[in-house]
Amino acid sequence: MSSSDAILIASINNTTIQMNRYLPLIIFIFGIVGNILNTLVLSRRTLRTNPCALLFLVSSLSGIIAIISGLTTRLTAGWAVDLSETIGWLCKLRIFVLFVSRTMVIWFLVFASIDRWLSSCKDVQLRHLSSLKTSFRSILLVILFSIALNGPLLYCYEANLVGTPAKCYGFTAPCRLYTDLAFTCGNNVVPSLTMLLFGLLTIRNIHSMRSRVNNRQNSVLTQNSGAKTQQQQQKKTDRSLFRMLCVQILFLILCTAPYTIYRLYSTLTPPAASKPALQNAIEVLLFNFCTSLTYLATAMPFYIYTLCGGKVFRKEFYSVIADTFQKLKCA
């Protein structure tokens, strides 16, 4: 190996170290703060009775779990030692909790997109399926599916591995293939296509029926002004939630696709021991960057909702701040 290659490899390795020190810390702070604020806003009375907002709420709670389980060890690895890389049971537990929570984050959004389609349907029976009862059933289904999909990771992952992108990784080729396919299909391709499909169907419904009915009771021919105002407010909330959902879906796909592609590339190419040192250094840098992008997708929903949620979300956010200051004054 030439001296220029050695210098380049050292520079790439140093970039990886510095990125692992500071980027996870920034994502961790913004992610925890943002998801906590999301939880406070979405749990307010005006939003928590909306089935789509309820799914956003549990998605934010899952995001907190994903950030804590995933980034805590990455933060310690940037400055000292990542215990999950050397302790077998901790490696298995961290990976299982991380991937289960990631799967829940994504699939809660899938069911939120289905709820938006149901609420925009012309058929009254389909519209009535957009309800809190359906959302609670969806939450239970997503939890069971996420555990079942990622259960094999408790067996597949081991610590202290050599020649893999991370020391806590799948220890056999079949295990790595399963984890890659499970993440690719269960966390990326299938949910992305499903959200895209129901998003397009929702847009079609909105364009074909501008004056759709969103209340959960049978329509009546005459309504008083109070009922009309309530219906208009519900329509405004639904439009804001749909806009928030569309932007988050797009951002989620952009942030998770590079990690999916890299995982498949890593599994289908020869092991690190047979690759040049420069190529290994570049791949480690890319792996860490793509991994950080997946956490960024979990950390950004609050900021997406604030920018794209219109007056509905921002009004509730301001109310949370006002209530907090009021409580502090009283204390």
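The backbone N, Cα and C atoms fix where each Cβ goes, glycine too.
As recorded in TrEMBL, the features of this protein are as follows:
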- 22-42: transmembrane segment (TRANSMEM)
- 34-305: domain 'G-protein coupled receptors family 1 profile' (DOMAIN)
- 54-73: transmembrane segment (TRANSMEM)
- 93-114: transmembrane segment (TRANSMEM)
- 135-155: transmembrane segment (TRANSMEM)
- 181-203: transmembrane segment (TRANSMEM)
- 241-265: transmembrane segment (TRANSMEM)
- 285-305: transmembrane segment (TRANSMEM)
**Request:** Determine whether the transmembrane segment (93-114) and the transmembrane segment (241-265) share at least three Cβ pairs under 8 Å, counting only pairs 6 or more apart in sequence.
**Result:** yes
**Message:** Short question: most Cβ pairs under 8 Å with the transmembrane segment (135-155), which of 54-73, 181-203, 241-265, 285-305?
**Reply:** 54-73
**Fill in**
Long-range Cβ contacts under 8 Å made by the transmembrane segment (241-265), restricted to residues 6 or more beyond its ends, are 50, 52-53, 56, 106, 109, 112-113, 116, 179-180, 183-184, 187-189, 192, 195-196, 199, 202, 206, 286-287, 289-291, 293-294, 296-297, 300-301, 304-305, 307-310, 312-313
**Message:** I need to check the long-range neighbours of the transmembrane segment (54-73): which residues 6 or more away from its ends have a CB within less than 8 Å of a CB in the stretch?
**Reply:** 24, 27-28, 31-32, 35-36, 38-39, 42-43, 48, 82-85, 94, 97-98, 101-102, 104-105, 108-109, 111-112, 115, 132, 135-136, 138-139, 241, 244, 295, 298-299, 301-302, 305
**Item:** Chain residues outside the transmembrane segment (285-305) and at least six past its termini with a C-beta under 8 angstroms from it
**Value:** 12, 15-16, 19-20, 23-24, 27-28, 30-31, 33-35, 37-38, 41, 56, 59-60, 63, 66-67, 70-71, 74, 102, 105, 165-166, 244, 247-248, 251-252, 254-256, 258-259, 261-262, 266, 313
**Fill in**
Over the domain 'G-protein coupled receptors family 1 profile' (34-305) the mean pLDDT stands at 83
